[in-house]
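Novice: Structure in structure tokens, see below.
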There are 2 protein chains.
Amino acid sequence: MSKAIVLLSGGLDSTTMLAIAKSQGFTISALTFAYGQRHQSEVESARRTAKAFNVQDHTVIDIDLRAFGGSALTDMIDVPKDRTLDEMTAAIPITYVPARNTIFLSYALAIAEVREAFDIFIGVNSLDYAGYPDCRPEYVSAFQAMANLATAQAVGSGPQLNIHTPLIHKPKAEIIQAGIELGVDYSTTVSCYEANGDGRACGHCDACILRRQGFQQCGQEDPTRYVDHEMAGI
Amino acid sequence: MSKAIVLLSGGLDSTTMLAIAKSQGFTISALTFAYGQRHQSEVESARRTAKAFNVQDHTVIDIDLRAFGGSALTDMIDVPKDRTLDEMTAAIPITYVPARNTIFLSYALAIAEVREAFDIFIGVNSLDYAGYPDCRPEYVSAFQAMANLATAQAVGSGPQLNIHTPLIHKPKAEIIQAGIELGVDYSTTVSCYEANGDGRACGHCDACILRRQGFQQCGQEDPTRYVDHEMAGI
């Protein structure tokens with residue numbers, strides 16, 4: 001069985017992606033970052049998912065992106081609320097964390113090299129996160145090209161490293177549908193930028209709105225545990 | 001004045017490079033990693049150099065590359081001793097740390113984005129470290145191409161990010177000569193893979209041999225503080 005490194009945040013997208021990678025027959029090493037983000041309950045969700053999908057191993061790496069600042073997800077800057085899709089994609093959101101995916105993929109590359117894995121999965125999505133430069137296909141292609149020059153494996157004539165982005169062009173409703181068919185329990189995943197300690201969602205940040213609309217559009221019940229219990233079950 | 005991010009390990013090469021960046025008029029943010037390497041005295045050397053060259057700021061980031069393993073610099077694997085240049089370049093050395101430069105450059109990219117800097121300096125050398133995939137010019141070019149798609153700056157029409165590698169084709173003797181002309185005090189830099197707590201060099205690892213030959217070849221006195229005092233002053 002081929003080995004794959006799967007970047008697992010604990011949110012809806014990466015959890016679905018883990019299920020997809022598993023269904024493709026990969027032996028999975030999951031990789032999660034505790035990066036000083038406000039939504040620590042995401043990391044707990046990642047641990048539950050890794051266990052539920054019986055991954056080979058799960059590494060949680062502490063890195064402090066707060067040292068650089070510049071994002072509402074790591075600094076004490078207000079996360080925007082109740083925005084329309086147009087507002088979300090009009091400019092690079094303040095929730096963008098500088099060079100985050102590049103740092104995450106670099107660690108994945110190091111682990112891939114040590115484990116002799118040639119497949120990395122990252123759950124970027126260029127529809128929902130149109131404003132994030134490091135969620136675009138051209139960025140991922142450039143990272144893959146660099147990765148194939150970066151490692152000891154790259155110098156030899158062995159297999160090339162592949163970065164898989166199975167969700168990159170998928171609308172949220174389609175992601176949810178695929179996940180449900182693969183047995184994902186979305187009640188345990190945390191997407192909210194301001195989830196509370198218990199993992200309950202605010203229902204108003206961009207991530208909550210995209211997720212909620214996804215469940216509505218595919219006609220599935222929304223199992224998200226909201227802080228405001230009135231929001232549940234739509 | 002333009003801002004530059006300078007990757008500063010505290011060794012001979014990166015210290016010289018800092019002097020070069022300074023002489024080119026950049027305002028410098030130095031960036032050092034404490035990555036569980038055996039030679040912690042390198043980090044102390046980096047602190048001294050940053051102070052001596054009056055950088056604007058110096059960030060030391062703790063990252064644990066030991067979590068992945070696979071290198072004599074982070075694991076308890078013996079560092080090779082008393083090798084010839086041919087032996088050093090015959091294969092990828094066990095002192096190579098998987099994806100290390102990719103991880104370092106990714107952090108530099110994050111800091112560059114937050115500080116609005118468009119210049120990153122890395123002291124890679126494709127002569128002395130011919131066996132290291134991530135010291136080759138083609139690797140650095142690929143990283144730069146990726147970086148210019150990765151950030152919020154990349155999406156706009158602002159300046160492009162430049163990765164400077166002023167030492168990449170320079171023999172060690174030439175690097176030392178350039179540094180001496182720019183006022184570098186090499187007695188405080190640490191290159192040895194197994195420097196002791198006091199920063200004294202073993203004189204026998206690849207890094208020590210390359211450094212020692214560099215001083216011999218340019219006819220400068222070797223100010224390195226060796227564990228074996230007999231080796232000094234050649």
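Just so it is clear, glycine is given a Cβ too, placed from its N, Cα and C backbone atoms.
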Novice: In TrEMBL, the residues B:Cys202, B:Cys205, B:Cys208 are said to bind Zn(2+). Which of B:Cys192, B:Cys218 is said to bind at that same site?
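Specialist: As annotated by TrEMBL, B:Cys202, B:Cys205, B:Cys208 share the Zn(2+) site with B:Cys192, chosen from B:Cys192, B:Cys218.
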Novice: Looking only at C-alpha atoms, tell me how far B:Cys205 (Zn(2+) binding site) is from B:Leu18 (ATP binding site), rounded to the nearest Å.
Specialist: 24
Novice: Near B:Cys208 (Zn(2+) binding site), which residues of its chain come within a Cβ-Cβ distance under 8 Å, counting only those 6 or more away in sequence?
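Specialist: Correct list: B:Ser191, B:Cys192, B:Tyr193, B:Ala201, B:Cys202, B:Thr224.
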Novice: Far apart in sequence but close in space: which same-chain residues, 6 or more away, have a Cβ under 8 Å from B:Gly10 (ATP binding site)?
Specialist: B:Thr32, B:Ser41, B:Glu42, B:Val43, B:Glu44, B:Ser45, B:Ala46, B:Arg47, B:Arg48, B:Thr49, B:Thr189, B:Val190
Novice: Let me check the 10 A CB neighbour count of B:Cys205 (Zn(2+) binding site). How many other CB atoms are there?
Specialist: 23
Novice: With every protein chain in view, what's the tally of Cβ atoms within 10 Å of the Cβ of B:Cys202 (Zn(2+) binding site), excluding that atom itself?
Specialist: 19
Novice: Would you mind listing, in sequence order, the residues at least six apart from B:Leu8 (ATP binding site) in the same chain with a Cβ closer than 8 Å to its Cβ?
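Specialist: B:Ser14, B:Thr15, B:Leu18, B:Ala30, B:Leu31, B:Thr32, B:Ala46, B:Thr49, B:Ala50, B:His58 - these are the non-local Cβ neighbours of B:Leu8 (ATP binding site), listed in sequence order.
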